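Chemist: Pasting the relevant annotations from TrEMBL:
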- 22-296: domain 'ABC transmembrane type-1' (DOMAIN)
- 335-570: domain 'ABC transporter' (DOMAIN)
- 20-46: transmembrane segment (TRANSMEM)
- 58-88: transmembrane segment (TRANSMEM)
- 136-155: transmembrane segment (TRANSMEM)
- 161-179: transmembrane segment (TRANSMEM)
- 246-266: transmembrane segment (TRANSMEM)
- 278-302: transmembrane segment (TRANSMEM)
Amino acid sequence: MIKELIKSGYLLSNKKDKDLMVGLCLAVVEGLFATIPYILLYFLLIDLFANKITLAQLFYYFLSILLSIVLRIVIGTYSMPMIFIGAYKMMGQARLRIADHLRKIPIGWFSSQRSGDLASRLTADLEIIQNIWSHFLGMFISTLAMPVFLSLFLVWVDWQLTLIILFSIPIALFALSISHKIMLKAAQQAADANANVQSELLDYIQGIMVIRSFGRLGPAWKKLKAALETQNKTQIVLDSKPAPWIALYGFILESGFILLMIIGTSRLISGSLSPSQFVFFLVLALPIYRQFFDLGLSSMLLNYAQKSLQRIEEVMKVVPLSEPKYTQLPIRTDIYFNNVSFIYPYNSQLTLDNISCCFPEKSFTAIVGPSGSGKSTLLQLISRLWDVNQGEILLDDININQINSDKLCSYVSSVYQDVVLFSGTIKDNILMGKTDAHDDEIITAAKLANAHEFIIQKPQNYDTPIGYGGMLLSGGERQRLSLARTLLKNAPILLIDEATSSIDCSSEVLIQQALSLLSKDKTIIMIAHRLNSIKNADNIIVMENGKIAEQGKHAELLAKNGLYAHLWLQQKALC
């Protein structure tokens, strides 16, 4: 089990730390120095029973024992910090490696995970692994080294009595293995319960406004309370259920002492064992058993760590999007869909079915259609948030699978229907589009997104905090802020998913004018709900049931009297 944890720790961090390795080696040496007082005690007992001891010799023994203790303490003061530092550096590398892995895996994997569960894996579970490496491993090795070295010395003194002392250990380990199996199951339940509490707590905090507005505070609290109670129960089971087997483990271990006394006494009477050897074995037997008992208790923590490690490895086993060895860079920004079909992993029906279309460079293309027709999925595929199941997507005749993800990202800016903002100020969030932008660039982007006017009315203008997820802003303000940071990025391809859905009509007109100006220099693909806002688009693609039902300019589609004309008439009737 320890071997698996050590191996997995190296795999997670992808690095062996020199400080950690030296610290672990010193822990072995520390265990060796811990055995020296007992070895000196053996020779002292021989001299005492032979009545050959002098004050000078006694002083020599005491001084040697004191020196070995001091050296052990000195080594410990060096080994433990080195293990701590090495373990923290390794886990730091592991966190960076996991974070790097997360940015490479399909975005849809996140949609199938509860945020709290994922947060628990990357915080609580990693913390458990870190504590095993930093606090447990050095202590375990040092504690194990002492009885191992003592046992080797005891074999030299009398191998028969050594076998009697060690005889009970394998039997005791059997009882310990049963408690391990019990704890493995309990550890899984505890880890699941902890993750569930994280998720429920996150949902409760994030949804507190909705919960209150619907008068669901009582039921929501009951759900969170049930999760907390389950967590408490699983933790009690984790700590208490293995207890009888641990007690049996200790009893079997120390029962070897009774056998040692019986056989040792008989050998002492027969003359095949000296009094000094008998006393020495009696003195050492219980400390050895105590060391093994402590090791057994410590090993119980490994079960918890093993489950945490498995949960982290599940994340690391998610297959990332493939990256090309050699990246081709497009010159133009024409986008082609050639017979593209796509199905979500958790779905049984095609979301996109044999899509073929073109988005010319520096043009404004609108995508419309009923809800669930595949519009947003089409935009996500352009950003390569998913890989297509069939067909290909080309950027300037280059398959986007052959373009490095970071390079592809530099070509594309996106504004999605569900706006994600981060804690900080308005300026901080706009700067995500371009971290080294000057203030005049920020203001220009904000004006272009029709956000400048509401920003300067805030108490601290661009330095106004927006709260967690932008909670201090209205829906329309959040959306315009999202558009501003996208425009600041100034990528040649602009993907917009329902950007005007939460904006008033006057703001929508201004944004449409800005998009019209941008289309002279950018390839714009926009999903629109309000058809009136896309009348001037260069091309309108109408989607239905994952297929392209029709496409053309506004007037052409109205003349066809098809799905677009039907949607247009529906909206006109509502206005």
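Cβ atoms here come from the backbone N, Cα and C positions, even for glycine.
Unlike curated entries, TrEMBL annotations are predicted automatically.
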Chemist: Among 20-46, 58-88, 136-155, 246-266, which stretch has the most Cβ pairs under 8 Å to the transmembrane segment (161-179)?
Modeler: 246-266
Chemist: Taking 3+ C-beta pairs under 8 angstroms (sequence gap of 6 or more) as contact, is the transmembrane segment (136-155) in contact with the transmembrane segment (246-266)?
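Modeler: Contact criterion not met.
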Chemist: Mean pLDDT across the domain 'ABC transporter' (335-570), rounded to an integer, is what?
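Modeler: Looking only at the domain 'ABC transporter' (335-570), pLDDT averages out to 85.
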Chemist: Within the same chain, where does the transmembrane segment (278-302) have neighbours whose Cβ lies under 8 angstroms from its own Cβ atoms, ignoring anything closer than 6 residues to its ends? I mean 6 or more beyond.
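Modeler: Counting only partners 6 or more residues beyond its ends, the transmembrane segment (278-302) has Cβ contacts under 8 Å with 1-2, 5, 38, 41-42, 45, 49, 132, 136, 139-140, 143-144, 146-147, 150-151, 154, 157-158, 161, 165, 168-169, 172-173, 176, 179-180, 183, 242, 246, 249-250, 253-254, 256-257, 260-261, 264-265, 267-268.
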